[in-house]
Ligand SMILES: [Zn+2]
Ligand SMILES: [Zn+2]
Ligand SMILES: [Zn+2]
């Protein structure tokens, strides 16, 4: 994801050691070149390990992706440059390419001074620090689309920088954690309406065959069987899903690995998510709409920002939404909605302007 010009802007020039020059891809996919769909499944792991180590040295990790390709994490720029040149493992022909999404990361910054600066300009100024995409979070209030001072930055490195320099300002970068993707057709997590193979299920009452729009029946959740709608933020299944995504991003592991970890750590709803939730600031839902991404924010009062997310129980209009369910979607430019994990206690002020 190179945007060519690595020059820093006039205001961000001298002081910053440009991250960009030190950024290099660290995750690589090794594919086996085979006419008969052979994978690494049939290759001795000793052989693979020795071949990789023998040609580029000890790497950080090597994993088998769904028993097909290998995912290798290198630990130096030199290895990064070497690995892409590999054509063979032992005598097995291979192709090596940087992983499509794992070599980037997303963070949220908050800066009132950038409120009226166009995102194109922000991107241009910050490219030199490894920023490859900038998206402003906007909220919809009384039918009006309002910009906020929150920006989602995509960085061209797997590791998120702790802070970034915007002109004379140093801004801290927080991990961006998208909300779980819920299908608007079957209401299950992990896929969108467009790829749904389930049946139309009411998000309010769980009956099949009708939409929730005009439904007035008793609330029931398809994902946890609880007495709330399937879009409720009080749903333990939603909270668990959220924690899996959070774990996946923070630990840079696959979705199945993260799920296993979360399920082994949180047999009940009572622990780590809740502690995270109390410290975190929930921003309102963002509909997937690359052109005018808007957040629906019915009543952004200060009190709602504390313990419970501001848009609990808000019906989400049916439109496809995206949240990561696999490595491939980790750095997708589209998100449904998001939640910020705050480091500092400034949450209440977040959306007040
Ligand atoms: Zn579905
Ligand atoms: Zn219904
Ligand atoms: Zn539920």
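Our numbering is plain: 1 for the first residue shown, then up by one each step along the chain.
Yeah, the Cβs are placed from backbone N, Cα and C, and that goes for glycine too.
Among the ranges 240-283, 284-327, the one that TrEMBL lists as region 'Disordered' is 284-327.
According to DSSP, the secondary structure content of the domain 'CCHC-type' (182-198) in residues is 3 helix, 2 strand, 12 coil.
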